[in-house]
Amino acid sequence: MRGMDEFALIRLLNRRGSPGTGRPNETGVKTGIGDDAAVMKPSAGSDIVVSCDTMVETVHFLPETMQHYDIGYKAMASSLSDMAAMGARPRWALIALTVPSGPSGTWTAESLQELYDGLYACADRYGTVVVGGDTTSSKSLLTVTVTVIGEADEDRSLLRSSALPGDIVFVTGPLGNSAAGLHLLLKAGRPAVPIEDMEETVRSLVLAHRRPEPRIDAGAILASSEAGVCGALNDISDGLASEAWEIAEASGVRIVLDEERIPLSPELTRYASAAGRDPHDFALYGGEDYELVGTVRRERAAELAARFEVAGKRIWLVGEVAAAGAMNKTDKGAAANLERAPMPGVTLRSSAGVEKPLPKKGYNHFA
Ligand SMILES: Nc1ncnc2c1ncn2[C@@H]1O[C@H](COP(=O)(O)OP(=O)(O)OP(=O)(O)O)[C@@H](O)[C@H]1O
Ligand SMILES: Cc1ncc(C[n+]2csc(CCOP(=O)(O)O)c2C)c(N)n1
Ligand SMILES: [Mg+2]
Ligand SMILES: [Mg+2]
Ligand SMILES: [Mg+2]
């Protein structure tokens, strides 16, 4: 980035402005962008819920995989997804942007504006107000970090540690599309062409990769269920296997996933078959789906599924929670396998009822 100073860039990127003192009741923002810090008023009876996530050029995106707008949209969406995973309502966001300043940098004021258009579009869609951020230069790579501040009804956040033996495991959507979209983009070495210009058959996979949607509404339904109906909740950033392991470890339980119940889109199945890959590998280990995986008390699972249907959505029941170390005694083969499996943990059950330990595998920045 050259030809514009830091302060002009901040003004340009945030030209929509944050509401400041104009509408504090609606947005809760008393002081937005422009002072040393933002000042917000939390709602009465709420807990504050905060998280941040970073996207790094070359690690989370390449020029071939994402358009500038998509990078911004996805940075906001993946950060908001952690609010959904807590059953929280996102309210405010801060954006930390680090831009390569060297002569070789490909980032211009125009490309950064597109990235910010994506950030703001996603924030607007989920009722989140950008109240500040930070802008710095770097030698080589662009990074964008979004911090989200949300609210949950007091003591009603949905935690990874709340799964109980007997619970049913659910997910909020088909898995593996994003990883397949990435696989396709990297394999095909395609330029970052607009989604509208892609063939119909691959569009949904690429869209899932570039423009994930945080499942804020699903999180809200789960959080508004009677206390204790929803057990644990997590969002799927690193792959279903990895996220299920996080719940299992935090809750001290064993999670059993039924392989044939894991929802796969027809597009994924078709793509995997053409690429000679098992579609379950994309779903279990790919990541960046930003769907939710959670548990619900067994006797309330049907009622929860019905609540989603009333809201025009659905959940897929994909397994169950067992006590750590418990095993299916009727299946000798499974028992032998499980004896070797670390407990708590996650197992994958085939349609024939055979359970195998599911490796704690998925996206890991340092593995
Ligand atoms: N550098 C860090 N310093 C302090 N806490 C951290 C740091 N990195 C992560 N954490 C904390 O560790 C926990 C797990 O973080 P992690 O990033 O794995 O979860 P996530 O954001 O849901 O997953 P993902 O980043 O894959 O979307 C969170 O409580 C997070 O705040
Ligand atoms: C060019 C390119 N190569 C690989 C990937 C895949 N990828 C990167 S980070 C991540 C997990 C989520 O991130 P985090 O854990 O940081 O929240 C995944 C699945 C990609 N998106 N782009
Ligand atoms: Mg994180
Ligand atoms: Mg998360
Ligand atoms: Mg991760």
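Keep in mind that glycine also has a Cβ here, set from the backbone N, Cα and C atoms.
Record features, source TrEMBL:
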type	residues	note
DOMAIN	34-151	domain 'PurM-like N-terminal'
BINDING	ASP36, SER51, ASP82	Mg(2+) 4 binding site
BINDING	ASP36, ASP82, ASP235	Mg(2+) 3 binding site
BINDING	ASP53, ASP134	Mg(2+) 1 binding site
BINDING	ASP53, ASP82	Mg(2+) 2 binding site
BINDING	HIS60, GLU288, TYR363	substrate binding site
BINDING	TYR116, GLY133, ASP134, ARG160, SER237	ATP binding site
DOMAIN	165-325	domain 'PurM-like C-terminal'
BINDING	ASP238	Mg(2+) 5 binding site
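Features recorded in TrEMBL, as mapped to the structure shown.
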residue: SER51; record: Mg(2+) 4 binding site; contacts (Cβ under 8 Å, 6+ apart): SER79, ASP82, MET83, MET86, THR147, VAL148
residue: ASP53; record: Mg(2+) 1 binding site; contacts (Cβ under 8 Å, 6+ apart): ALA75, SER78, SER79, ASP82, THR145, VAL146, SER237
residue: HIS60; record: substrate binding site; contacts (Cβ under 8 Å, 6+ apart): LYS74
residue: GLY133; record: ATP binding site; contacts (Cβ under 8 Å, 6+ apart): ILE10, ASN14, ILE33, LEU94, ILE95, ALA96, LEU97
residue: ASP134; record: Mg(2+) 1 binding site; contacts (Cβ under 8 Å, 6+ apart): LEU94, ILE95, ALA96, LEU97
residue: ARG160; record: ATP binding site; contacts (Cβ under 8 Å, 6+ apart): ALA232, LEU233, ASN234, GLU246, ILE247, ALA250, SER251
residue: ASP238; record: Mg(2+) 5 binding site; contacts (Cβ under 8 Å, 6+ apart): GLY287, GLY362, TYR363, ASN364
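Around TYR116 (ATP binding site), the same-chain residues at least 6 positions away in sequence with a Cβ under 8 Å from its Cβ are LEU13, ASN14, GLY72. Residue counts of the domain 'PurM-like N-terminal' (34-151) by helix, strand and coil are 34 helix, 47 strand, 37 coil (DSSP-based). As a whole-number mean, the pLDDT of the domain 'PurM-like N-terminal' (34-151) in this prediction is 95. Here the C-alpha separation of ASP36 (Mg(2+) 4 binding site) and GLU288 (substrate binding site) works out to 34 Å. Ligand 3 lies under 6 Å from the Cβ of ASP53, out of the binding-site residues SER51, ASP53, ASP134, ASP235. Considering only the binding-site residues ASP36, ASP82, ASP235, GLU288, the Cβ with the fewest other Cβ atoms within 10 Å is that of ASP36. Straight-line distance linking the Cα atoms of ASP235 (Mg(2+) 3 binding site) and GLU288 (substrate binding site), rounded to a whole number, equals 9 Å.
Residues ASP82, taken from the binding-site residues ASP36, ASP82, GLY133, ASP134, are distinguished by a CB atom under 6 angstroms from ligand 1.
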